[in-house]
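Visitor: I have a structure I would like to understand better, so I am pasting it below and will then ask my questions one at a time.
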Amino acid sequence: MIQPQSVGAVVPQRAHFAEPLPLRSGDALPEYELLYETYGELNAARSNAVLVCHALSGSHHVAGHYADDPGNIGWWDNLVGPGKPLDTRKFFVIGVNNLGGCHGTTGPASINPASGKPWGADFPFVTVEDWVAAQARLADRLGIERFAAVVGGSLGGMQALSWTLQYPERIGHAVLVASAPRLTAQNIAFNEVARQAILSDPDFHGGHYYEHGVVPARGLKLARMLGHITYLSDDAMADKFGRTLRHGKAVYSYDVEFEIESYLRYQGDKFAGFFDANTYLLTTKALDYFDPAFEHGGILRAALARASADFLVVSFSTDWRFSPARSREIVYSLLHNRRNVSYAEIESDAGHDSFLLDDAHYHELLAAYFDRIEV
């Protein structure tokens with residue numbers, strides 16, 4: 001058996017689309033570009049393609065590294081590659097940066113052809129359904145009529161679910177990890193607090209901060225700090241940080257004293273250094289809006305009747321952001337429609353971020369599922 005290996009050095013590719021893309025909001029993008037990466041080789045039948053959809057802070061860079069930046073490892077590198085659960089000896093894997101993103105795909109920092117200036121806050125709202133429509137156009141460009149599977153964790157899982165509804169004939173399997181059919185009110189509340197942190201930053205300038213040569217780093221930092229709290233479980237925080245004081249005793253100040261404070265500030269500063277605030281706003285709104293049951297009277301099983309793919313749904317025991325109950329809601333609705341669905345709840349103390357980690361049980365489960373997919 002081959003030892004798991006990296007896909008090695010990878011090169012992003014760019015696809016330009018001159019045809020306008022109609023959006024769910026009623027608006028349209030006149031033209032746009034998608035940045036993507038591929039791993040493995042497309043077979044002669046063009047039947048082994050797998051699309052990996054990213055979550056809020058992810059990108060097209062799913063696996064491997066860049067020759068000029070070897071430390072920049074793909075966000076799901078532990079899952080994708082030769083001998084890994086999503087084995088690139090068998091599958092042709094594609095990662096795409098979503099519309100509105102900040103990693104090379106057309107987004108708020110891109111130039112608005114109508115004004116010659118960055119889009120900023122004028123960039124149209126995009127939804128999960130819009131992302132999937134753009135991904136389908138990329139598949140057309142690559143000559144892929146049908147994906148063997150569409151895979152995603154968290155928000156990526158929502159995209160995989162939407163694929164089964166928007167293009168049921170173009171997807172064989174959907175793998176939804178740590179995901180949900182819609183956000184709870186609590187999740188929408190977290191997103192709103194994060195957005196307000198950005199919107200209230202004096203450097204936000206109504207979303208047109210590019211023209212002022214500044215970024216709303218303070219607001220974006222606070223938004224990320226809040227997000228990180230929800231990505232971790234109470235047990236994970238206790239095990240990793242506890243109540244440890246950096247100086248061994250209280251110094252009675254508002255500066256960093258507890259290790260958890262140091263961690264959150266570090267994560268916030270790091271995120272604010274590379275992510276775009278307008279992209280954060282757009283992406284959290286896309287999360288909030290996603291609800292395939294809305295047009296079916298709130299009845300999920302009615303919404304999922306259109307799906308024909310086989311499903312693997314995975315949740316994690318301590319994930320309270322996208323709890324196992326939300327995954328089971330998807331499973332029950334699929335079973336109601338007599339669809340083929342496998343479900344697993346993985347014991348993990350890492351919370352929502354478990355879907356990114358190299359957990360043996362989790363990876364064995366995914367490997368077994370992908371192994372039985374016929375291409």
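Note: Cβ is positioned from N, Cα and C throughout, glycine not excepted.
Heads up, here are the entries from Swiss-Prot:
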ACT_SITE  Ser154  active site, nucleophile
ACT_SITE  Asp319  active site
ACT_SITE  His352  active site
BINDING   Arg224, Asp353  substrate binding site
DOMAIN    48-358  domain 'AB hydrolase-1'
SITE      Arg321  site 'Important for acyl-CoA specificity'
Visitor: For Arg224 (substrate binding site) and Arg321 (site 'Important for acyl-CoA specificity'), what Cα-Cα distance in Å is obtained after rounding to a whole number?
Guide: 14
Visitor: Write down the Cα-Cα distance for Asp319 (active site) and His352 (active site), rounded and given in Å.
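Guide: A Cα-Cα distance of 4 Å.
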Visitor: Round to a whole number and give the Cα-to-Cα distance in Å for the pair Asp353 (substrate binding site) and Ser154 (active site, nucleophile).
Guide: 9
Visitor: To the nearest Å, how far is the Cα of Arg321 (site 'Important for acyl-CoA specificity') from the Cα of Ser154 (active site, nucleophile)?
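Guide: Answer for this pair: 9 Å between alpha carbons.
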Visitor: Using a Cβ cut-off under 8 Å and a sequence separation of 6 or more, which residues in the same chain sit near Asp319 (active site)?
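Guide: For Asp319 (active site), the qualifying residues are Ala178, Ser233, Ser348, Gly351, His352, Ser354.
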